Amino acid sequence: MSDQYKRTYPISWDQLHRDSKALAWRLLDKDFFKGIIAITRGGMVPAAIIARELDIHLIDTICISSYDWKEKKGEADILKGFDGDGEGWLLIDDLVDTGRTAEVVKNLIPKAHFATVYAKPSGRPLVDTFVTEVSQDTWILFPWDTESQFAAPLIGREQR
């Protein structure tokens, strides 16, 4: 986690499931989607939940690498693209942060409906639908990036 982040926001599997289902609820009144494009890796779990809720069986991926295990990388690498302009497709990611990945994907698939579970202010204008806004200086701890362990109470953390 780089120095630009002042807070952390841990998300449990249960919360991610609830928030992904809430995103699916918001997408119900949109046009019919012929399939989902999950941005790997973060978009895969939300995409599976949304696919179930919207009864979508066709799922593809686009692979963009913009983070290493610790922090953002300098460039976004396209590891696997998508054929077509995205018309009729639902593009899913876990989070839009600075918008760098979103810009790359929107240029590749400009007609897809872009939805994320979480959005930060810098990237929010690039998505069509999202559920929860998180401050720009917050690092989100997704459940696939964490292990269960003791955490000090908030009051104890502030006194350090």
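Every residue gets a Cβ built from N, Cα and C, even glycine.
What Swiss-Prot lists as 5-phospho-alpha-D-ribose 1-diphosphate binding site is Arg41, Gly42, Asp93, Asp94, Leu95, Val96, Asp97, Thr98, Gly99, Arg100, Thr101, and the listing cites sequence analysis. Taking Cβ-Cβ distances under 8 Å and a sequence separation of 6 or more, the neighbours of Leu95 (5-phospho-alpha-D-ribose 1-diphosphate binding site) in its chain are Gly42, Thr116, Val117, Tyr118, Ala119, Lys120, Val134, Ile140.
Here Swiss-Prot flags Asp94 as Mg(2+) binding site. Mapped onto three states, the DSSP output places Asp94 (Mg(2+) binding site) in strand.
For Asp97, Ile140, the entry in Swiss-Prot reads guanine binding site. When other Cβ atoms within 10 Å of the Cβ of Asp97 (5-phospho-alpha-D-ribose 1-diphosphate binding site) are tallied across all protein chains shown, the result is 25.
Marked as GMP binding site by Swiss-Prot: Asp97, Thr98, Gly99, Arg100, Thr101, Trp139, Ile140. Taking Cβ-Cβ distances under 8 Å and a sequence separation of 6 or more, the neighbours of Thr101 (5-phospho-alpha-D-ribose 1-diphosphate binding site) in its chain are Ile39, Ile64, Ser66, Ala76, Asp93.
Mapped onto three states, the DSSP output places Ile140 (guanine binding site) in strand. Residues annotated as xanthine binding site in Swiss-Prot, with sequence analysis given as evidence: Asp97, Ile140.
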Practice task
Grab the 5-phospho-alpha-D-ribose 1-diphosphate binding residues from the record (Arg41, Gly42, Asp93, Asp94, Leu95, Val96, Asp97, Thr98, Gly99, Arg100, Thr101) and give me their largest CA-CA distance in Å.
Solution key: 17
Completion exercise
Within 10 A of the CB of Asp93 (5-phospho-alpha-D-ribose 1-diphosphate binding site), the number of other CB atoms across every chain shown is 30
Practice task
Compute all pairwise C-alpha distances among Asp97, Thr98, Gly99, Arg100, Thr101, Trp139, Ile140, the residues listed as binding GMP, and give the largest one in whole angstrom.
Solution key: 17
Fill in the blank from the handout: Listed in sequence order, the binding-site residues within 10 angstroms (C-alpha to C-alpha) of Asp94 (Mg(2+) binding site) out of Arg41, Arg100, Trp139 are Arg41
